[in-house]
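J.: Handing you this structure, nothing more for now.
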Amino acid sequence: MKHHQKPTSYATQSEWYSDHFQTLTSASSDSILYTYDAAYPGFAAALSPSEVESLRQSDAVLGVYEDTVYTLHTTRTPEFLGLDTELGPWTGHSIQELNQASQDVIIGVLDTGIWPESMSFNDVNMPNVPSRWRGECQAAADFDPKNHCNKKLIGARFFSRGYAMAVSGEGENELQSPRDNDGHGTHTASTAAGNLVRNASLLGYAKGNARGMATHARIAAYKVCWKSGCLGSDILAAIDRAILDGVDVLSMSLGGGSAPYSRDTIAVGAFAAMEKGIVVSCSAGNSGPAKASLANVAPWILTVGAGTIDRDFPAFATLGNGKKFTGMSLYSGKGMGKKMVELVYNKGSNSSSNLCMPGSLDPKIVRGKVVLCDRGVNARVEKGAVVRDAGGVGMILANTEESGEELVADSHLLPAVAVGRKVGDVIREYLKTEKRATAVLSFGGTVVNVKPSPVVAAFSSRGPNMVTPEILKPDVIGPGVNILAAWSQAVGPTGLAKDKRKTQFNIMSGTSMSCPHISGLAALLKAAHPEWSPSAIKSALMTTSYTVDNTNSSLRDAADYSLSTPFAHGAGHVDPHKALTPGLVYDATPEDYISFLCSLDYTIEMIQTIAKRPNITCAKKFRDPGQLNYPSFSVLFGKSRVVRYTRELTNVGVAGSVYQVLVEAPRNVVMSVKPSKLVFRNVGDKLSYTVTFVSQKGVSPLRNAFGSISWTNAQYQVKSPVAFSWTRL
């Protein structure tokens, strides 16, 4: 709605929306599911096609859009990130002071709800809830605010009106409650800000201390995801509420495809949050290693990809020919014993038996044997259940070309080992040539200090950014493979209905897991620097991130172990120590983002949907979206061989700081920066530089190339990746 046109006769926007809606349609006011306030200038309603048309014709309406379905992007990390050691002098403050400051920071998690009894949400020794908090815990049949919320878990709400409308008739049996019956929301919330729990493990694996990134911050859970997904109208209602409740950080491990920002519910809600000073951290998606597979690419969102940590769960497949192969598993039962048993592959009743799809295996052939199953199509843990139900005693889960060499550990229901594509091909060849193939599986527990790490996860979604190619995404990567965190007691570790095991903690992988790591780090930065904008916090995390692994080599990509690029890892892997004192930041205001939107040639109506301003003129539009003061660069050589951008840096380090520029350019691009030296007299000073990129004549253009621009002195290195493209995808 053009919400600034509300007649004065109406006390509230929602009264006007309801009245206007009923005047134009034959629907009753019950058809309105939500009226939004802080996050969106309008309402969500159930409409017939003719009602949609009559609303579209109204002068007071900016646009009418169909609701969209978003999906989830499905504990050694504090140590891997260096958070278990003293955080070093954050401009003269101690870790105790940072912990104390972070007690005032509130992280809102939009997910599948929360399991409040988890020890990760214990509030022992926590001071009173910040007085500015306006949120609440909603009562439900299985959720008692008095007993289930505390000084740690300070909010728990649920939003299901859009979902109920979308699945009407199918989803009736889900209890309307903030309680997490899936596990995902409990896992993400505890990763961001869970309290320290000693001796945590998944059935003995990954034993040790489990803790969130900001152990002293508060958590507010907003349940927006149900059995069949998360509806945009519910997500928007939760963002709206979270802004009014007073959260400081919003963590969303969910997303859809890429769409223009005005049609992307998460992007629209996130803009309103950013204007209120809230950092919005979202997962990049699990559609890698395919190119251009990102979700949540709006520049006012912190877009998070996933990497590995230095911990593995080795398991072994030994074949009858004596060859022993290493894979990965979280199987925790009594095992197979030492005796070789027959190994079979693709022996079944239909063409999907190689994938071990439900109903595809013939029990007569499989009983008492180990089955080789190809990865892909159905869930990895489901394949194991299919083998077990057909009488199989073990499974080798072999990658195909699609998943390459990447291994993800699963808590299988029967002895099972996951292996990469190369090993998978060797075993498939063995099965072809050996009359009676045999195998035995064994399990190696937990191993740490694995090298190399981090490695970019193959599933982590990749750039380039299809909505705005001039903005490099993802922004950063964080730990997202085999992460131990709290779990719901309503479901077993595999999430399968057949899995009757219960565990307080579970090991999960996905950009869903890396996103809350970054949300928790953003909360620490917010505690250390309450005056910083969301853009400054994002800049600090990006420009201080690293691009080498623990063997001091450039980051690799788990898909094929080739060198990773900024389209996979963004600015690099986060480094919390350095992010606390970045030296300089690239800041941006809501007005800058409006100039950015104007440069995309969106209509004024589209921009008003996102920015909710009455009179946007686009007088200050950028000549190109890449002019946004962003901490990274994505250069498109189109008709012109020359691209020029100006950036502004703000000194958040010390007075009298001098920085020199250092550029790394690919062989076919010349990069020049003016000036090459920046002298900041005072803290808070802002200085600009201009960088010119020239694509050289006569050098055959690559599809993509990469470089970097760093501003350095003895104390700080402020580094920005640069991606170059010669053709638009």
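Even glycines carry a Cβ here, placed using N, Cα and C.
No curator has checked TrEMBL annotations; they are predicted automatically.
Feature list, courtesy of TrEMBL:
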ACT_SITE  D111  active site, charge relay system
ACT_SITE  H184  active site, charge relay system
ACT_SITE  S512  active site, charge relay system
DOMAIN    103-551  domain 'Peptidase S8/S53'
DOMAIN    342-426  domain 'PA'
REGION    170-190  region 'Disordered'
J.: Go ahead and report the DSSP secondary structure tallies for the domain 'PA' (342-426): helix first, then strand, then coil.
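T.: Its residues fall into 23 helix, 20 strand, 42 coil.
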J.: Grab the pLDDT values for the domain 'PA' (342-426) and give me their mean, rounded.
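T.: Within the domain 'PA' (342-426), the model's average pLDDT equals 91.
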J.: Between H184 (active site, charge relay system) and D111 (active site, charge relay system), what is the CA-CA distance rounded to a whole number of Å?
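T.: It is 7 Å, counting Cα to Cα.
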J.: Just jot down the residues in the same chain as D111 (active site, charge relay system), at least 6 apart in sequence, with C-beta under 8 A of its C-beta; none if empty.
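T.: Within the chain, D111 (active site, charge relay system) has Cβ neighbours under 8 Å at L72, D180, H184, G185, T188, A189, A221, Y222, K223, V224, C225, S251, M252, S253, L254.
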J.: So how many other Cβ atoms are close to H184 (active site, charge relay system), meaning within 10 Å of its Cβ?
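T.: Within a 10 Å radius of the Cβ of H184 (active site, charge relay system) lie 26 other Cβ atoms.
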J.: How many other Cβ atoms are found within 10 Å of the Cβ atom of S512 (active site, charge relay system), counting all protein chains shown?
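T.: Result for S512 (active site, charge relay system): 29 neighbouring Cβ atoms inside 10 Å.
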